[in-house]
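K.L.:
After the structure tokens below, expect a handful of questions from me.
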Amino acid sequence: MVSTQQRTDDDSSQPVKASLKSYGITEPLSIAGPSAADVKRNLELEKFLVDEGLYESKEETMRREEVVVRIDQIVKHWVKQLTRQRGYTDQMVEDANAVIFTFGSYRLGVHGPMADIDTLCVGPSYVNREEDFFIFFRDILAEMEEVTELQPVTDAHVPVMKFKFQGISIDLLYASISLLVIPQDLDISNSSVLCDVDEQTVRSLNGCRVADQILKLVPNSEHFRTTLRCLKYWAKKRGVYSNVTGFLGGVNWALLVARLCQFYPNAIPSMLVSRFFRVYTQWRWPNPVMLCAIEEDDLSFPVWDPRKNHRDRYHLMPIITPAYPCMNSSYNVSQSTLRVMTEQFQFGNTICQEIELNKQHWSSLFQQYMFFEAYKNYLQVDVLAADAEDLLAWKGWVESRFRQLTLKIERDTNGMLMCHPQPNEYVDTSKQFRHCAFFMGLQRADGFGGQECQQFDIRGTVDEFRQEVNMYMFWRPGMDVHVSHVRRRQLPSFVFPNGYKRSRQSRHQSQQCREPGDEGVGSLSDSVERYAKRKNDDEIMNSRPEKREKRASCSLHTLDAASPDSSGITTSGTPQIGIVPGPRAECLVTGDLVCNVTSLPNVEVEAEKFISKITELRKFSQYEHTSGSEQILEVDSRALVQSYHDLAEPVAKHVRPDLSALLACEGGQNKEIGHDMGSESINDTDTQHLPRRLNVNEDVDEVEREAKLGEIAGGVLWNGHCGRNLDHEGFVTPANLDSAVENRNLHSDGLFKSGLPEELQSNSLLSGTGKLDDGARSESLQNEMMRHVFLQPIIGLCKS
């Protein structure tokens, strides 16, 4: 029998009006209930979610429950078998037990069709993880016909066994606790289960413990579930749902929504969705989001505390788990991904304001983010393997290191080159070999002045990323990775729906003279033909006469022809970046000029023809005008990446909301917050983007509270001494404490006093004006041997 901890709906009958119980560490922002307009919008939202297929059928729900029961039976039999083999008494064999718990979206009740089930097996102390679970139990699963795609991940932050059982994806963790016999009614929320266990076991147990605490700390679980289901779908549509890539995962979104439910205990989902974007657009990161006080315990496990733990000070978007030991669930967030999420929150806030004015429908909020139209420059990471099984393991490893590439680029460019990793993978079905591709958008960070043409070097950055990836413990022949720079017009066709790229108005006339196959996969000779055509067209059209010609007085080298057996995928206009045998990896992009330096011993005939054609094109001039063409150059053994100031088009317009004009459809009275909060001033020029106030008498209280949200986000005064409970949501954890001092928001003990600054402004970490303070640190903490190449920058970012 599966543990009684499984998801129940006993709390779904909670009344709309919140009880007298207090939720969260602060008073709510508003206790008002929904208006008639809110109820109407809520019905429309729920209908939209059903029409989008976010709910599974009753048959599939029953099938999932049967699978969980079956897995519970399997682990019980496994533990009894181990107990007998180790010579325990018959009574011990009879009492031997293991219990299956669920967590994640399934436990919270927000899973959709085809979603996986996160499960935890809790076993006795004599059954270990390393041998008994990942070897003996794995062999049992491998012999079962119902089990497919079995993949143990032993080196993960939380070790997991991944497989499909009767077609349903299962993520199974294991935790061995200090009990000889596991009771069937084990209370996993009791801290005693954490006695005498290692940190990996604590992390495994905390998935279930956190899920239980979340459901206990929200005023209305059904409203929480609907809102969370909605916002998870929104995050996937907007490309910001992925913990491994540096965005937010399921537990992160659940904690953000739960905190919002505490702010508005009587709000219904349509209100909560709108207020989600309103609140988190104004939130002053890195002030933490917490559902309850951070408690310490005699077990002495480390808890999130930036005063004591040096590494906690570098967390950019702390979202703290409510179960002991409290941790930051969003430590993967980087400066670049925080910028992307902030822009998407602003997009959602703008759309929700228009929905409240009946100018937009809910479908507008869930528009697919057009990632491949947002930037001019991308990095393409191609992952190859010999067979499907190898690709599954290799792809997971490369994806887990993809976040490190973002951090390294931020580090080596001093935060001036921002990255936007795309969580999804793409496959070219026309290829015979096993592969997939990941992409990353590149954009110059806002707020950096200086030279009109500033250069950075990411050649060594890519090389360092390659070296780390190749340290994979389970590497096998055929596993390879290639990194390429591609411009928007050179993107391969397989990244677009049905292989079709939407038509787009070109910025320059020279871009209008393209061959139809410019975005697809082509040979080196095709690149030469397109190069010659673009060059001739540019000379005729004279599209950019004001631009200074670029010198190309460098010796030529060859680029090895791509094949599944050697170097991998070569896309038209896509030079290889350092993922080739030989010396250091090279990556060069100079405006429209894409260059790559390689030195290969075996020169293909086709490559020789390519060189000769390029040489002929250069004979008439030592200077030449380039437009999106590729050249193979050697530039003083250094490589360049240069692009223009308008590298990317804005994802969403930065709008600072006029809080005095925000629409709040509340029908009741608001309770006053019992402590003083500093107000904010908003630029009048920004008010044109927001709706006008409709009902001043009913809405003014909530508007004032939201205007003072900074007190909750960052303004609770700490008296300078440490108690047993860290019960404030406002301690200082910025990666750059200097910026906080300049804003005069710090006491001598390093804590925020007055919350938000006088004006809503970009976080210094987003604008890039703050120090990085070792922002590229990973869990393994890179040492001082890391290279900093920004002293001799080679990436040019020029104003157009």
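Even glycines carry a Cβ here, placed using N, Cα and C.
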K.L.:
In Swiss-Prot, which of 509-516, 533-540, 621-628, 677-684 is labelled motif 'Nuclear localization signal 2'?
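P.N.:
That would be 533-540, per the motif 'Nuclear localization signal 2' entry in Swiss-Prot.
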K.L.:
Since Swiss-Prot lists Asp116, Asp118 for Mg(2+) 2, which candidate among Asp72, Asp90, Asp155, Asp171 does it give for that site as well?
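P.N.:
The one candidate that Swiss-Prot places in that Mg(2+) 2 site: Asp171.
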K.L.:
For the ATP site that Swiss-Prot describes with Phe103, Gly104, Ser105, Ala115, Asp116, Ile117, Asp118, Asp171, Lys232, Gly250, Val251, which of these is also annotated: Tyr126, Tyr241?
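P.N.:
Candidate listed by Swiss-Prot for the same site: Tyr241.
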K.L.:
Would you mind telling me which of 447-454, 487-494, 695-702, 775-782 Swiss-Prot tags as motif 'Nuclear localization signal 1'?
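P.N.:
Per Swiss-Prot, the stretch marked motif 'Nuclear localization signal 1' is 487-494.
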K.L.:
What is the total of other Cβ atoms whose distance to the Cβ of Asn332 (site 'Interaction with RNA') is within 10 Å?
P.N.:
25
K.L.:
Give me the count of other Cβ atoms within 10 A of the Cβ belonging to Asp171 (Mg(2+) 2 binding site).
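P.N.:
Other Cβ atoms within 10 Å of Asp171 (Mg(2+) 2 binding site): 18.
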K.L.:
In the predicted model, what is the mean pLDDT computed over the motif 'Nuclear localization signal 1' (487-494)?
P.N.:
91
K.L.:
Given the recorded positions Asp171, Asn332, Arg403, Lys408, state which is nearest to Asp118 (ATP binding site) when distance is taken between Cα atoms.
P.N.:
Asp171
K.L.:
Just name the winner among Asp116, Asp118 (the binding-site residues) by count of other CB atoms within 10 A of its CB.
P.N.:
Asp118
K.L.:
Measuring Cα to Cα, how many angstrom lie between Phe103 (ATP binding site) and Asn332 (site 'Interaction with RNA')?
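P.N.:
Distance between the two Cα atoms comes out at 21 Å.
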K.L.:
Would you measure the largest Cα separation among Phe103, Gly104, Ser105, Ala115, Asp116, Ile117, Asp118, Asp171, Lys232, Tyr241, Gly250, Val251 for the ATP site and round it to whole Å?
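P.N.:
Overall maximum Cα spacing for these binding residues reaches 19 Å.
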K.L.:
So which recorded positions are near Asp171 (Mg(2+) 2 binding site), with CA atoms within 10 Å, out of Asp116, Lys162, Arg403, Lys408?
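P.N.:
If one measures from the Cα of Asp171 (Mg(2+) 2 binding site), the recorded positions that come within 10 Å are Asp116, Lys162.
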